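Accompanying notes for the structure given below.
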């Protein structure tokens, strides 16, 4: 399975901050926002990852992440010139996906929960599509899924004025290779975008879309506004201070997955030793 992180867009809801920097490079407490979706893919066992961003922001991501070798993964880059919709990621990333299945995660979405990585690994050999549902108070801001009495998905809508449920679809999607041709066959919506909801609708119509409600205790945070960005930082800060463990550290995930060894972890830690981040990496070895 290949992975794609979509980190494009102009971040207008965070202007003027994002007039000078990509939203996905902003800090969420003690690390760049992009680390959170990156570790989500890594915990799912995905090592071949393409990051899609704007031509203007691509150099910043490359400076931060490089080719991913220090994390035991392969990171490549592609650009989306205009924010023409989430589904365009599969057209842009077609060569990266090749004949494989693919997971798409949005660069401003944070997922946290017990056993999340183990749960996501189930989709490595997917046939069809798999998306998730999460109860929210303001579903009109998201794609929305409606469930029937037996828990089967009945309908999907993109940012409906009158939602049929409170279940939003978070920015994490798994598909088989058919998604490339499905995305290529889409037409722009009334909003002028190639909608991911339309991709999901095709799979739903074919009876090949699995919709799972995220397990109780799992947190999904969208960081697209000033308040939600601060809420996410507060959430991470509270978790880390109470537990003494950090959240969404790519080096830690790579080390625990066996993709980098102790010496590689030490080398990375030394480069960051002046911050608590580097010290935390060194403490991982002492604890184990």
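Positions of Cβ are set from backbone N, Cα and C atoms, glycine also.
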Candidate from 73, 169, 213 that Swiss-Prot assigns to the same dTDP-alpha-D-glucose site as 8, 23, 24, 80, 85, 108, 109, 143, 158, 159, 222: 169
Listed as phosphothreonine by Swiss-Prot, one of 12, 18, 223: 12
Phosphothreonine: annotated position in Swiss-Prot, out of 53, 197, 218, 225: 197
Feature phosphothreonine, as given in Swiss-Prot - residue among 54, 162: 54
Rounded Cα-Cα span from residue 54 (phosphothreonine) to residue 222 (Mg(2+) binding site), Å: 20
Of the recorded positions listed as 12, 54, 108, the one whose CA lies nearest the CA of residue 24 (dTDP-alpha-D-glucose binding site): 108
Other CB atoms, at most 10 A from the CB of residue 158 (dTDP-alpha-D-glucose binding site): 20
In sequence order, the recorded positions (12, 23, 54, 80, 108, 197) whose C-alpha falls within 10 A of residue 169 (dTDP-alpha-D-glucose binding site): 197
Position of peak Cβ density within 10 Å, selected from the binding-site residues 108, 222: 108
